[in-house]
Amino acid sequence: MGAVDTSERLSKLRQLMQQHKVDVYIVPSEDSHQSEYIAPCDARREFISGFSGSAGTAIISLSKAALSTDGRYFNQAAKQLDNNWQLLKGGVEGVPTWQEWTTEEAQGGKAVGVDPSLITASGARKLAETLKKNGSSLVGVRENLVDLVWGKERPARPSEKVRVHPEKYAGKTFQEKVAELRKELESKKKAGFVISMLDEIAWLFNLRGTDIPYNPVFFSYAVITPTTAEIYVEDDKLTPEVKAHLGQDVVVKPYESIFADAQALSTKSQSAGENAAKFLLSNKASWALSLSLGGEGQVEEARSPVADAKAIKNETELEGMRACHIRDGAALTEYFAWLENELINKKTVLDEVDGADKLEQIRSKHDLFAGLSFDTISSTGPNGAVIHYKPEKGSCAIIDPSAIYLCDSGCQYFDGTTDTTRTFHFGVPTEFEKRAFTLVLKGTIGIDMAVFPKGTSGFAIDVLARQHLWREGLDFLHGTGHGVGSYLNVHEGPIGIGTRVQYTEVPIAAGNVISDEPGYYEDGKFGIRIENIVMAREVKTAHNFGDKQWLGFEHVTMTPIGRNLIEPSLLSDAELKWVNDYHAEIWAKTEHFFREDNLTRSWLERETQPISK
(Lines of atoms letter the chains of each structure in order from A and count residues from 1; the text may use other names and numbers.)
(Lines give C-alpha, C1' and ligand atoms only; values in the text may rest on other atoms or scores of the structure.)
Protein backbone atom coordinates (compact mmCIF):
# COMPACT_ATOMS: atom_id res chain seq x y z
CA MET A 1 0.00 0.00 0.00
CA GLY A 2 3.02 2.27 -0.47
CA ALA A 3 3.35 5.28 -2.74
CA VAL A 4 3.86 5.04 -6.51
CA ASP A 5 6.16 7.50 -8.28
CA THR A 6 3.74 9.51 -10.45
CA SER A 7 6.26 12.02 -11.83
CA GLU A 8 6.40 10.60 -15.36
CA ARG A 9 2.64 10.12 -15.57
CA LEU A 10 1.99 13.69 -14.50
CA SER A 11 4.58 15.02 -16.94
CA LYS A 12 2.91 13.22 -19.86
CA LEU A 13 -0.54 14.36 -18.73
CA ARG A 14 0.58 17.99 -18.54
CA GLN A 15 1.94 17.81 -22.07
CA LEU A 16 -1.47 16.57 -23.25
CA MET A 17 -3.21 19.29 -21.25
CA GLN A 18 -1.18 21.93 -23.06
CA GLN A 19 -1.99 20.34 -26.44
CA HIS A 20 -5.71 20.46 -25.59
CA LYS A 21 -5.39 24.03 -24.23
CA VAL A 22 -6.42 22.97 -20.72
CA ASP A 23 -4.83 24.56 -17.65
CA VAL A 24 -6.42 22.37 -14.99
CA TYR A 25 -7.64 18.79 -15.50
CA ILE A 26 -10.08 16.91 -13.26
CA VAL A 27 -9.91 13.12 -12.86
CA PRO A 28 -12.96 11.76 -10.99
CA SER A 29 -13.14 8.31 -9.41
CA GLU A 30 -16.25 7.25 -11.24
CA ASP A 31 -16.77 5.56 -14.61
CA SER A 32 -19.19 6.73 -17.31
CA HIS A 33 -22.07 5.27 -15.27
CA GLN A 34 -21.03 7.11 -12.09
CA SER A 35 -20.31 3.80 -10.38
CA GLU A 36 -18.70 3.93 -6.94
CA TYR A 37 -16.84 0.69 -7.57
CA ILE A 38 -15.32 0.41 -11.02
CA ALA A 39 -13.72 -2.01 -13.45
CA PRO A 40 -9.89 -1.97 -13.63
CA CYS A 41 -10.06 -0.26 -17.05
CA ASP A 42 -11.79 2.73 -15.44
CA ALA A 43 -9.39 3.20 -12.51
CA ARG A 44 -8.04 6.44 -13.99
CA ARG A 45 -7.77 8.37 -10.75
CA GLU A 46 -5.84 5.51 -9.15
CA PHE A 47 -3.50 5.29 -12.15
CA ILE A 48 -2.65 8.98 -12.21
CA SER A 49 -2.37 9.48 -8.43
CA GLY A 50 -1.45 6.09 -6.96
CA PHE A 51 -4.36 6.33 -4.50
CA SER A 52 -6.56 3.22 -4.66
CA GLY A 53 -9.48 4.16 -2.39
CA SER A 54 -13.00 4.00 -3.81
CA ALA A 55 -13.76 7.72 -3.34
CA GLY A 56 -11.81 10.80 -4.30
CA THR A 57 -11.08 13.34 -7.02
CA ALA A 58 -7.71 14.19 -8.52
CA ILE A 59 -7.05 17.68 -9.88
CA ILE A 60 -3.92 18.49 -11.85
CA SER A 61 -2.74 21.93 -12.90
CA LEU A 62 0.36 22.63 -14.96
CA SER A 63 2.41 22.96 -11.76
CA LYS A 64 0.48 21.28 -8.93
CA ALA A 65 -1.60 18.19 -8.19
CA ALA A 66 -4.15 17.56 -5.45
CA LEU A 67 -6.24 14.61 -4.30
CA SER A 68 -9.43 15.10 -2.32
CA THR A 69 -11.03 12.26 -0.37
CA ASP A 70 -13.21 11.71 2.70
CA GLY A 71 -12.43 10.62 6.24
CA ARG A 72 -12.53 6.90 5.45
CA TYR A 73 -9.36 7.29 3.41
CA PHE A 74 -7.22 9.98 5.07
CA ASN A 75 -4.67 7.47 6.39
CA GLN A 76 -4.61 5.42 3.20
CA ALA A 77 -4.17 8.48 0.98
CA ALA A 78 -1.35 9.80 3.16
CA LYS A 79 0.50 6.51 2.64
CA GLN A 80 -0.20 6.12 -1.08
CA LEU A 81 0.34 9.66 -2.43
CA ASP A 82 3.90 10.57 -3.37
CA ASN A 83 5.40 14.03 -2.93
CA ASN A 84 3.87 15.31 -6.18
CA TRP A 85 0.48 15.43 -4.48
CA GLN A 86 -1.31 17.57 -1.91
CA LEU A 87 -3.95 15.73 0.15
CA LEU A 88 -7.22 17.62 0.58
CA LYS A 89 -9.05 16.18 3.57
CA GLY A 90 -12.72 16.47 2.72
CA GLY A 91 -14.97 17.85 5.46
CA VAL A 92 -12.09 19.16 7.58
CA GLU A 93 -12.45 22.81 8.57
CA GLY A 94 -10.03 25.09 6.77
CA VAL A 95 -9.25 22.57 4.02
CA PRO A 96 -10.53 23.58 0.56
CA THR A 97 -12.88 21.30 -1.33
CA TRP A 98 -11.61 20.04 -4.66
CA GLN A 99 -13.95 22.52 -6.35
CA GLU A 100 -12.46 25.41 -4.34
CA TRP A 101 -8.91 24.22 -5.07
CA THR A 102 -9.76 23.99 -8.79
CA THR A 103 -11.29 27.46 -8.84
CA GLU A 104 -8.23 28.94 -7.14
CA GLU A 105 -5.87 27.27 -9.62
CA ALA A 106 -7.98 28.43 -12.58
CA GLN A 107 -7.94 32.13 -11.72
CA GLY A 108 -7.28 34.50 -14.58
CA GLY A 109 -9.45 33.07 -17.34
CA LYS A 110 -7.95 29.59 -17.39
CA ALA A 111 -9.68 26.53 -18.86
CA VAL A 112 -10.61 23.57 -16.66
CA GLY A 113 -11.00 20.29 -18.52
CA VAL A 114 -12.86 17.09 -17.65
CA ASP A 115 -14.10 14.04 -19.51
CA PRO A 116 -17.86 14.82 -19.69
CA SER A 117 -18.77 11.16 -19.29
CA LEU A 118 -17.15 11.04 -15.83
CA ILE A 119 -18.95 13.92 -14.14
CA THR A 120 -22.65 14.38 -13.50
CA ALA A 121 -24.54 17.02 -15.44
CA SER A 122 -25.53 18.82 -12.24
CA GLY A 123 -21.95 18.70 -10.97
CA ALA A 124 -20.68 20.14 -14.25
CA ARG A 125 -23.22 22.98 -14.17
CA LYS A 126 -22.37 23.96 -10.60
CA LEU A 127 -18.66 23.92 -11.30
CA ALA A 128 -19.08 25.88 -14.54
CA GLU A 129 -21.09 28.56 -12.71
CA THR A 130 -18.42 28.87 -10.02
CA LEU A 131 -15.61 29.08 -12.58
CA LYS A 132 -17.51 31.66 -14.63
CA LYS A 133 -17.60 34.02 -11.63
CA ASN A 134 -13.82 33.71 -11.58
CA GLY A 135 -13.49 34.44 -15.29
CA SER A 136 -12.64 30.81 -16.04
CA SER A 137 -14.46 28.08 -17.96
CA LEU A 138 -15.24 24.36 -17.84
CA VAL A 139 -14.40 22.43 -20.99
CA GLY A 140 -15.61 18.94 -21.86
CA VAL A 141 -12.64 16.97 -23.23
CA ARG A 142 -14.17 13.95 -24.99
CA GLU A 143 -10.85 12.16 -25.44
CA ASN A 144 -9.81 11.04 -21.97
CA LEU A 145 -6.28 12.33 -21.36
CA VAL A 146 -5.45 9.80 -18.64
CA ASP A 147 -6.32 6.99 -21.05
CA LEU A 148 -3.79 8.44 -23.49
CA VAL A 149 -1.10 8.46 -20.79
CA TRP A 150 -2.05 4.93 -19.73
CA GLY A 151 -1.81 3.69 -23.31
CA LYS A 152 -1.46 -0.03 -24.00
CA GLU A 153 -1.04 -0.80 -20.30
CA ARG A 154 -4.67 0.08 -19.66
CA PRO A 155 -6.70 -3.09 -18.90
CA ALA A 156 -9.26 -4.19 -21.49
CA ARG A 157 -12.96 -3.57 -20.95
CA PRO A 158 -14.63 -6.70 -19.50
CA SER A 159 -16.58 -8.91 -21.91
CA GLU A 160 -18.10 -11.53 -19.60
CA LYS A 161 -21.56 -12.98 -20.20
CA VAL A 162 -24.73 -11.57 -18.67
CA ARG A 163 -27.01 -14.00 -16.84
CA VAL A 164 -30.64 -14.15 -15.73
CA HIS A 165 -31.50 -13.45 -12.08
CA PRO A 166 -34.44 -15.84 -11.48
CA GLU A 167 -37.80 -14.62 -10.23
CA LYS A 168 -37.54 -16.96 -7.22
CA TYR A 169 -34.82 -14.61 -5.93
CA ALA A 170 -36.01 -11.33 -7.51
CA GLY A 171 -39.60 -11.63 -6.30
CA LYS A 172 -41.02 -9.93 -9.42
CA THR A 173 -40.76 -10.36 -13.16
CA PHE A 174 -38.96 -7.63 -15.05
CA GLN A 175 -42.20 -7.03 -16.99
CA GLU A 176 -43.92 -6.12 -13.70
CA LYS A 177 -41.10 -3.74 -12.79
CA VAL A 178 -41.19 -2.04 -16.21
CA ALA A 179 -44.98 -1.69 -15.99
CA GLU A 180 -44.67 0.01 -12.58
CA LEU A 181 -42.00 2.35 -13.96
CA ARG A 182 -44.24 3.26 -16.89
CA LYS A 183 -47.08 4.13 -14.52
CA GLU A 184 -44.78 6.50 -12.68
CA LEU A 185 -43.57 8.10 -15.92
CA GLU A 186 -47.19 8.53 -16.99
CA SER A 187 -48.11 10.18 -13.69
CA LYS A 188 -45.21 12.60 -14.17
CA LYS A 189 -46.09 13.17 -17.84
CA LYS A 190 -42.64 12.15 -19.03
CA ALA A 191 -41.79 10.91 -22.53
CA GLY A 192 -39.51 8.24 -21.09
CA PHE A 193 -36.58 7.51 -18.82
CA VAL A 194 -32.94 7.11 -19.87
CA ILE A 195 -31.15 4.87 -17.35
CA SER A 196 -27.38 4.90 -16.92
CA MET A 197 -26.76 3.43 -13.45
CA LEU A 198 -25.62 -0.17 -13.85
CA ASP A 199 -27.28 -1.59 -10.74
CA GLU A 200 -30.60 -0.01 -11.75
CA ILE A 201 -30.50 -1.71 -15.15
CA ALA A 202 -29.52 -5.07 -13.63
CA TRP A 203 -32.34 -4.82 -11.09
CA LEU A 204 -34.99 -3.62 -13.56
CA PHE A 205 -34.41 -6.41 -16.09
CA ASN A 206 -33.61 -9.18 -13.54
CA LEU A 207 -30.14 -9.64 -15.01
CA ARG A 208 -26.70 -9.85 -13.43
CA GLY A 209 -23.13 -9.65 -14.73
CA THR A 210 -19.49 -9.62 -13.65
CA ASP A 211 -18.07 -6.53 -15.35
CA ILE A 212 -17.13 -4.81 -12.08
CA PRO A 213 -15.34 -6.80 -9.36
CA TYR A 214 -17.66 -7.73 -6.47
CA ASN A 215 -20.62 -5.93 -8.08
CA PRO A 216 -22.84 -8.24 -10.21
CA VAL A 217 -23.53 -5.67 -12.93
CA PHE A 218 -22.71 -5.25 -16.61
CA PHE A 219 -21.98 -2.25 -18.84
CA SER A 220 -25.25 -1.06 -20.31
CA TYR A 221 -27.76 1.73 -20.74
CA ALA A 222 -31.53 1.50 -21.06
CA VAL A 223 -34.39 3.63 -22.37
CA ILE A 224 -37.97 3.05 -21.21
CA THR A 225 -40.89 4.81 -22.94
CA PRO A 226 -44.66 4.19 -22.65
CA THR A 227 -44.46 1.65 -25.48
CA THR A 228 -40.83 0.52 -25.79
CA ALA A 229 -38.02 -0.89 -23.69
CA GLU A 230 -34.47 -0.79 -25.04
CA ILE A 231 -31.27 -2.06 -23.47
CA TYR A 232 -27.87 -1.00 -24.80
CA VAL A 233 -25.40 -3.84 -24.30
CA GLU A 234 -23.00 -5.69 -26.55
CA ASP A 235 -24.82 -8.61 -28.19
CA ASP A 236 -21.99 -11.08 -27.63
CA LYS A 237 -22.46 -10.67 -23.86
CA LEU A 238 -25.99 -12.10 -24.06
CA THR A 239 -26.51 -15.85 -23.79
CA PRO A 240 -29.47 -17.60 -25.48
CA GLU A 241 -31.07 -17.81 -22.02
CA VAL A 242 -30.84 -14.02 -21.58
CA LYS A 243 -32.25 -13.37 -25.05
CA ALA A 244 -35.15 -15.72 -24.34
CA HIS A 245 -35.68 -13.98 -20.99
CA LEU A 246 -35.92 -10.56 -22.65
CA GLY A 247 -38.00 -11.98 -25.50
CA GLN A 248 -40.05 -9.57 -27.58
CA ASP A 249 -40.48 -7.14 -24.69
CA VAL A 250 -37.02 -5.59 -24.97
CA VAL A 251 -35.03 -4.38 -27.98
CA VAL A 252 -31.28 -4.97 -27.67
CA LYS A 253 -29.00 -2.30 -29.16
CA PRO A 254 -25.20 -1.82 -29.27
CA TYR A 255 -23.76 -0.25 -26.12
CA GLU A 256 -22.05 2.67 -27.89
CA SER A 257 -25.17 3.67 -29.86
CA ILE A 258 -26.83 5.22 -26.79
CA PHE A 259 -25.38 8.66 -27.53
CA ALA A 260 -26.54 8.73 -31.16
CA ASP A 261 -29.98 7.49 -30.11
CA ALA A 262 -30.13 10.09 -27.34
CA GLN A 263 -29.40 12.83 -29.87
CA ALA A 264 -32.17 11.44 -32.09
CA LEU A 265 -34.60 11.53 -29.15
CA SER A 266 -33.58 15.13 -28.49
CA THR A 267 -34.15 16.12 -32.13
CA LYS A 268 -37.56 14.43 -32.12
CA SER A 269 -38.52 16.18 -28.90
CA GLN A 270 -37.45 19.59 -30.20
CA SER A 271 -39.47 19.14 -33.39
CA ALA A 272 -42.57 18.40 -31.30
CA GLY A 273 -42.52 21.94 -29.89
CA GLU A 274 -42.43 23.55 -26.47
CA ASN A 275 -45.28 21.49 -25.02
CA ALA A 276 -43.66 18.14 -25.79
CA ALA A 277 -43.11 15.83 -22.82
CA LYS A 278 -39.53 15.76 -21.56
CA PHE A 279 -37.39 12.72 -20.93
CA LEU A 280 -36.45 11.93 -17.36
CA LEU A 281 -32.75 11.54 -16.59
CA SER A 282 -31.22 10.54 -13.28
CA ASN A 283 -29.48 13.34 -11.41
CA LYS A 284 -26.51 10.98 -11.29
CA ALA A 285 -26.27 10.64 -15.08
CA SER A 286 -23.24 11.99 -16.91
CA TRP A 287 -22.83 15.42 -18.43
CA ALA A 288 -22.11 13.70 -21.75
CA LEU A 289 -25.44 11.84 -21.71
CA SER A 290 -27.34 14.97 -20.71
CA LEU A 291 -25.74 16.93 -23.55
CA SER A 292 -26.70 14.19 -26.02
CA LEU A 293 -30.31 14.49 -24.89
CA GLY A 294 -30.28 18.23 -25.48
CA GLY A 295 -29.17 19.46 -22.10
CA GLU A 296 -31.12 21.12 -19.33
CA GLY A 297 -33.90 22.44 -21.57
CA GLN A 298 -34.79 19.05 -23.04
CA VAL A 299 -34.59 16.75 -20.01
CA GLU A 300 -35.69 16.79 -16.41
CA GLU A 301 -33.03 15.61 -14.00
CA ALA A 302 -34.31 14.02 -10.81
CA ARG A 303 -33.64 11.18 -8.43
CA SER A 304 -34.14 7.94 -10.31
CA PRO A 305 -37.51 6.25 -9.74
CA VAL A 306 -35.74 2.93 -10.33
CA ALA A 307 -33.31 3.68 -7.48
CA ASP A 308 -36.25 4.38 -5.18
CA ALA A 309 -38.07 1.19 -6.19
CA LYS A 310 -34.93 -0.94 -5.91
CA ALA A 311 -34.23 0.31 -2.38
CA ILE A 312 -37.57 -0.98 -1.08
CA LYS A 313 -37.14 -4.74 -1.09
CA ASN A 314 -40.11 -7.02 -1.66
CA GLU A 315 -40.86 -9.90 0.71
CA THR A 316 -38.95 -12.41 -1.43
CA GLU A 317 -35.83 -10.22 -1.35
CA LEU A 318 -36.19 -9.62 2.40
CA GLU A 319 -36.51 -13.34 3.08
CA GLY A 320 -33.44 -13.89 0.92
CA MET A 321 -31.51 -11.36 3.01
CA ARG A 322 -32.50 -13.18 6.20
CA ALA A 323 -31.48 -16.55 4.79
CA CYS A 324 -28.13 -15.49 3.32
CA HIS A 325 -27.11 -13.72 6.53
CA ILE A 326 -27.70 -16.90 8.52
CA ARG A 327 -25.40 -18.83 6.17
CA ASP A 328 -22.90 -15.98 6.13
CA GLY A 329 -23.03 -15.72 9.91
CA ALA A 330 -22.16 -19.40 10.13
CA ALA A 331 -19.20 -18.85 7.80
CA LEU A 332 -17.92 -15.93 9.88
CA THR A 333 -18.33 -17.90 13.10
CA GLU A 334 -16.32 -20.78 11.65
CA TYR A 335 -13.64 -18.33 10.54
CA PHE A 336 -13.25 -16.54 13.87
CA ALA A 337 -13.18 -19.86 15.75
CA TRP A 338 -10.50 -21.13 13.36
CA LEU A 339 -8.48 -17.91 13.61
CA GLU A 340 -8.46 -17.87 17.40
CA ASN A 341 -7.44 -21.53 17.54
CA GLU A 342 -4.60 -21.00 15.04
CA LEU A 343 -3.26 -17.91 16.80
CA ILE A 344 -3.68 -18.91 20.45
CA ASN A 345 -3.54 -22.70 20.60
CA LYS A 346 -1.38 -23.58 17.61
CA LYS A 347 0.76 -20.40 17.67
CA THR A 348 0.48 -20.30 13.87
CA VAL A 349 1.96 -17.26 12.13
CA LEU A 350 -0.72 -15.82 9.85
CA ASP A 351 -0.77 -12.56 7.95
CA GLU A 352 -3.85 -10.50 7.15
CA VAL A 353 -4.20 -11.95 3.64
CA ASP A 354 -4.02 -15.50 5.02
CA GLY A 355 -7.02 -14.61 7.14
CA ALA A 356 -8.97 -13.06 4.26
CA ASP A 357 -8.25 -16.05 2.00
CA LYS A 358 -9.39 -18.53 4.65
CA LEU A 359 -12.64 -16.63 5.16
CA GLU A 360 -13.39 -16.69 1.43
CA GLN A 361 -12.65 -20.41 1.33
CA ILE A 362 -15.12 -21.04 4.16
CA ARG A 363 -17.81 -18.88 2.56
CA SER A 364 -17.46 -20.61 -0.80
CA LYS A 365 -18.71 -23.87 0.73
CA HIS A 366 -22.13 -22.40 1.51
CA ASP A 367 -25.21 -22.67 -0.68
CA LEU A 368 -25.84 -19.99 -3.32
CA PHE A 369 -22.33 -18.51 -2.96
CA ALA A 370 -21.58 -16.11 -5.83
CA GLY A 371 -18.36 -14.41 -4.69
CA LEU A 372 -17.39 -11.59 -2.35
CA SER A 373 -19.20 -8.24 -2.22
CA PHE A 374 -15.97 -6.24 -1.68
CA ASP A 375 -12.31 -6.72 -0.78
CA THR A 376 -12.09 -8.22 2.70
CA ILE A 377 -10.68 -5.77 5.24
CA SER A 378 -8.60 -8.09 7.42
CA SER A 379 -6.66 -5.76 9.71
CA THR A 380 -4.57 -6.14 12.83
CA GLY A 381 -3.59 -3.44 15.32
CA PRO A 382 -2.86 -0.05 13.70
CA ASN A 383 -4.09 -1.20 10.28
CA GLY A 384 -7.60 -1.32 11.74
CA ALA A 385 -7.49 2.48 11.95
CA VAL A 386 -7.28 2.63 8.13
CA ILE A 387 -11.02 2.50 7.61
CA HIS A 388 -10.99 0.94 4.13
CA TYR A 389 -7.71 -0.93 4.52
CA LYS A 390 -6.82 -3.46 1.82
CA PRO A 391 -4.15 -5.99 2.85
CA GLU A 392 -1.75 -7.11 0.13
CA LYS A 393 0.49 -10.17 0.20
CA GLY A 394 4.09 -9.23 0.86
CA SER A 395 3.35 -5.91 2.51
CA CYS A 396 0.53 -6.72 4.92
CA ALA A 397 1.03 -7.30 8.64
CA ILE A 398 1.26 -10.50 10.64
CA ILE A 399 -1.91 -10.86 12.73
CA ASP A 400 -0.98 -9.98 16.31
CA PRO A 401 -3.01 -11.98 18.87
CA SER A 402 -2.26 -9.35 21.50
CA ALA A 403 -3.81 -6.56 19.41
CA ILE A 404 -7.32 -5.75 18.22
CA TYR A 405 -8.32 -7.52 15.00
CA LEU A 406 -10.95 -5.87 12.77
CA CYS A 407 -12.56 -7.79 9.92
CA ASP A 408 -15.02 -6.06 7.57
CA SER A 409 -16.21 -8.45 4.89
CA GLY A 410 -19.17 -9.33 2.72
CA CYS A 411 -20.44 -11.86 0.28
CA GLN A 412 -22.69 -12.16 -2.74
CA TYR A 413 -25.24 -14.94 -2.65
CA PHE A 414 -27.93 -15.48 -5.28
CA ASP A 415 -30.53 -14.62 -2.62
CA GLY A 416 -28.84 -11.57 -1.11
CA THR A 417 -25.77 -9.48 -0.29
CA THR A 418 -23.98 -9.38 3.06
CA ASP A 419 -21.69 -6.88 4.80
CA THR A 420 -20.50 -7.57 8.35
CA THR A 421 -17.81 -6.05 10.54
CA ARG A 422 -16.60 -7.66 13.73
CA THR A 423 -13.82 -6.58 16.06
CA PHE A 424 -12.10 -9.15 18.28
CA HIS A 425 -9.22 -9.28 20.72
CA PHE A 426 -7.76 -12.77 21.12
CA GLY A 427 -5.67 -11.69 24.11
CA VAL A 428 -6.38 -9.24 26.93
CA PRO A 429 -7.73 -5.83 25.81
CA THR A 430 -6.89 -2.63 27.67
CA GLU A 431 -9.51 -0.86 29.73
CA PHE A 432 -9.70 1.94 27.17
CA GLU A 433 -10.11 -0.53 24.29
CA LYS A 434 -13.02 -2.12 26.16
CA ARG A 435 -14.55 1.26 26.93
CA ALA A 436 -14.27 2.46 23.34
CA PHE A 437 -15.67 -0.84 22.02
CA THR A 438 -18.63 -0.68 24.39
CA LEU A 439 -19.42 2.92 23.44
CA VAL A 440 -19.46 1.81 19.79
CA LEU A 441 -21.67 -1.16 20.70
CA LYS A 442 -24.12 1.17 22.46
CA GLY A 443 -24.37 3.10 19.18
CA THR A 444 -25.03 -0.09 17.23
CA ILE A 445 -27.78 -1.01 19.68
CA GLY A 446 -29.20 2.53 19.56
CA ILE A 447 -29.84 2.28 15.83
CA ASP A 448 -31.08 -1.30 16.11
CA MET A 449 -33.65 -0.45 18.81
CA ALA A 450 -34.79 2.84 17.27
CA VAL A 451 -38.51 3.47 16.65
CA PHE A 452 -39.41 6.51 14.57
CA PRO A 453 -42.30 7.92 12.52
CA LYS A 454 -42.62 7.41 8.79
CA GLY A 455 -40.84 10.23 6.97
CA THR A 456 -37.78 10.22 9.25
CA SER A 457 -34.43 10.46 7.47
CA GLY A 458 -31.19 8.66 8.16
CA PHE A 459 -29.70 12.05 9.00
CA ALA A 460 -32.19 12.42 11.87
CA ILE A 461 -31.33 9.13 13.58
CA ASP A 462 -27.55 9.26 13.06
CA VAL A 463 -27.06 10.82 16.50
CA LEU A 464 -28.28 7.57 18.09
CA ALA A 465 -25.07 5.93 16.87
CA ARG A 466 -22.72 8.73 17.95
CA GLN A 467 -24.17 10.14 21.18
CA HIS A 468 -22.26 7.85 23.56
CA LEU A 469 -18.95 8.57 21.82
CA TRP A 470 -19.72 12.30 21.71
CA ARG A 471 -20.24 12.40 25.48
CA GLU A 472 -16.59 11.42 25.86
CA GLY A 473 -15.29 13.66 23.08
CA LEU A 474 -14.95 10.82 20.57
CA ASP A 475 -16.36 10.33 17.05
CA PHE A 476 -15.80 8.55 13.73
CA LEU A 477 -15.26 10.00 10.25
CA HIS A 478 -17.61 7.89 8.16
CA GLY A 479 -21.32 7.38 7.72
CA THR A 480 -23.24 5.21 10.14
CA GLY A 481 -25.09 3.27 7.46
CA HIS A 482 -25.53 2.69 3.74
CA GLY A 483 -28.17 0.91 1.71
CA VAL A 484 -27.42 -2.67 0.65
CA GLY A 485 -28.53 -4.31 -2.60
CA SER A 486 -30.19 -7.69 -3.08
CA TYR A 487 -27.50 -9.70 -4.88
CA LEU A 488 -26.36 -6.32 -6.16
CA ASN A 489 -24.03 -3.55 -5.02
CA VAL A 490 -23.10 -3.65 -1.35
CA HIS A 491 -23.34 0.16 -1.29
CA GLU A 492 -26.75 1.20 -2.56
CA GLY A 493 -28.57 4.52 -2.55
CA PRO A 494 -30.49 6.63 -2.14
CA ILE A 495 -30.94 5.94 1.58
CA GLY A 496 -28.34 5.90 4.32
CA ILE A 497 -27.59 7.00 7.88
CA GLY A 498 -25.06 9.76 8.46
CA THR A 499 -24.25 13.44 8.76
CA ARG A 500 -24.18 14.18 5.04
CA VAL A 501 -26.89 16.49 3.70
CA GLN A 502 -27.85 13.83 1.14
CA TYR A 503 -29.21 11.70 3.98
CA THR A 504 -31.92 14.31 4.62
CA GLU A 505 -33.37 13.92 1.13
CA VAL A 506 -34.91 10.43 1.27
CA PRO A 507 -36.73 9.14 4.36
CA ILE A 508 -36.22 5.60 5.57
CA ALA A 509 -39.07 3.36 4.37
CA ALA A 510 -40.28 -0.12 5.22
CA GLY A 511 -38.33 -2.57 3.08
CA ASN A 512 -35.07 -0.60 3.12
CA VAL A 513 -31.98 -2.67 3.95
CA ILE A 514 -29.28 -0.60 5.67
CA SER A 515 -25.99 -1.15 7.46
CA ASP A 516 -25.62 -0.12 11.11
CA GLU A 517 -21.89 0.44 11.61
CA PRO A 518 -20.54 2.98 14.08
CA GLY A 519 -16.85 2.80 14.90
CA TYR A 520 -13.90 4.40 16.64
CA TYR A 521 -10.30 4.64 15.40
CA GLU A 522 -6.98 5.65 16.94
CA ASP A 523 -4.36 6.35 14.28
CA GLY A 524 -1.34 4.11 14.67
CA LYS A 525 -3.02 1.99 17.37
CA PHE A 526 -6.30 0.25 16.54
CA GLY A 527 -9.69 0.40 14.87
CA ILE A 528 -13.09 -0.65 16.20
CA ARG A 529 -16.22 -1.15 14.13
CA ILE A 530 -19.36 -3.20 14.69
CA GLU A 531 -21.54 -3.60 11.61
CA ASN A 532 -24.90 -5.30 11.37
CA ILE A 533 -27.36 -5.23 8.49
CA VAL A 534 -30.85 -4.13 9.48
CA MET A 535 -34.17 -4.00 7.60
CA ALA A 536 -36.69 -1.21 8.14
CA ARG A 537 -40.10 -2.62 9.09
CA GLU A 538 -43.44 -1.32 10.34
CA VAL A 539 -43.80 -1.68 14.12
CA LYS A 540 -46.74 -1.55 16.50
CA THR A 541 -46.53 1.06 19.23
CA ALA A 542 -48.56 1.52 22.42
CA HIS A 543 -49.97 4.77 21.05
CA ASN A 544 -50.30 6.34 17.61
CA PHE A 545 -49.83 10.10 17.87
CA GLY A 546 -50.99 11.89 14.74
CA ASP A 547 -52.17 8.61 13.21
CA LYS A 548 -48.66 8.05 11.89
CA GLN A 549 -47.01 4.89 10.64
CA TRP A 550 -44.10 3.87 12.88
CA LEU A 551 -40.95 2.12 11.79
CA GLY A 552 -38.16 0.19 13.45
CA PHE A 553 -35.40 -2.20 12.44
CA GLU A 554 -34.99 -5.96 12.23
CA HIS A 555 -31.37 -7.13 12.32
CA VAL A 556 -30.37 -9.98 10.03
CA THR A 557 -26.62 -10.30 10.71
CA MET A 558 -25.97 -13.48 12.72
CA THR A 559 -22.38 -13.26 13.97
CA PRO A 560 -21.37 -12.98 17.66
CA ILE A 561 -20.00 -9.72 19.04
CA GLY A 562 -16.64 -10.04 20.84
CA ARG A 563 -17.59 -10.64 24.48
CA ASN A 564 -14.20 -9.90 26.04
CA LEU A 565 -14.28 -6.38 24.60
CA ILE A 566 -17.63 -5.56 26.22
CA GLU A 567 -17.61 -3.66 29.51
CA PRO A 568 -21.05 -4.65 30.93
CA SER A 569 -21.07 -1.86 33.52
CA LEU A 570 -21.38 0.69 30.71
CA LEU A 571 -24.54 -0.93 29.32
CA SER A 572 -28.05 -0.07 30.45
CA ASP A 573 -30.34 -2.93 31.44
CA ALA A 574 -32.09 -2.67 28.07
CA GLU A 575 -28.77 -2.77 26.20
CA LEU A 576 -27.56 -5.74 28.24
CA LYS A 577 -30.79 -7.58 27.45
CA TRP A 578 -30.34 -6.74 23.76
CA VAL A 579 -26.84 -8.29 23.72
CA ASN A 580 -27.98 -11.46 25.46
CA ASP A 581 -31.11 -11.81 23.33
CA TYR A 582 -29.06 -11.23 20.18
CA HIS A 583 -26.51 -13.88 21.08
CA ALA A 584 -29.27 -16.34 21.98
CA GLU A 585 -30.82 -15.71 18.56
CA ILE A 586 -27.49 -16.34 16.82
CA TRP A 587 -27.07 -19.64 18.67
CA ALA A 588 -30.61 -20.75 17.80
CA LYS A 589 -30.25 -19.92 14.11
CA THR A 590 -26.70 -21.14 13.43
CA GLU A 591 -25.72 -23.92 15.87
CA HIS A 592 -27.07 -26.61 13.52
CA PHE A 593 -24.23 -25.84 11.09
CA PHE A 594 -21.68 -27.11 13.63
CA ARG A 595 -23.09 -30.32 15.05
CA GLU A 596 -20.09 -32.18 13.63
CA ASP A 597 -17.59 -29.36 14.17
CA ASN A 598 -16.68 -29.35 17.85
CA LEU A 599 -14.14 -26.54 17.56
CA THR A 600 -16.56 -24.03 16.04
CA ARG A 601 -19.51 -25.21 18.12
CA SER A 602 -17.57 -24.74 21.36
CA TRP A 603 -16.42 -21.28 20.28
CA LEU A 604 -19.97 -20.27 19.31
CA GLU A 605 -21.38 -21.58 22.58
CA ARG A 606 -18.80 -19.61 24.56
CA GLU A 607 -19.27 -16.40 22.58
CA THR A 608 -23.07 -16.48 22.89
CA GLN A 609 -23.22 -17.06 26.66
CA PRO A 610 -25.15 -14.37 28.56
CA ILE A 611 -23.16 -11.53 30.09
CA SER A 612 -23.99 -9.74 33.32
CA LYS A 613 -22.90 -6.67 35.23
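Glycine is treated like the rest: Cβ placed from N, Cα and C.
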With ASP419, GLU517 listed by Swiss-Prot as Mn(2+) 1-binding, which of these, GLU433, GLU531, GLU538, is given for the same site? GLU531
Going by the Mn(2+) 2 site in Swiss-Prot, where ASP419, GLU531 are listed, which of the candidates ASP408, ASP547 is also part of it? ASP408
Measure from the CA atom of ASP408 (Mn(2+) 2 binding site) to the CA atom of GLU517 (Mn(2+) 1 binding site) and give the result in Å, rounded to a whole number. 10
Determine the most Cβ-crowded residue among the binding-site residues ASP419, GLU517, GLU531, using a 10 Å radius around each Cβ and all protein chains in the structure. GLU517
For the Mn(2+) 1 site built from ASP419, GLU517, GLU531, further residues of that chain with CB within 8 A of the site's CB center: ASP408, THR420, THR421, GLY481, SER515, ASP516, ARG529, ASN532, ILE533
Give the number of CB atoms, excluding that of ASP408 (Mn(2+) 2 binding site) itself, located within 10 Å of its CB. 24
Residues flanking the Mn(2+) 2 site, with Cβ no more than 8 Å from the Cβ centroid of ASP408, ASP419, GLU531 and excluding those residues themselves: ILE377, SER409, GLY410, THR420, THR421, SER515, GLU517, ARG529
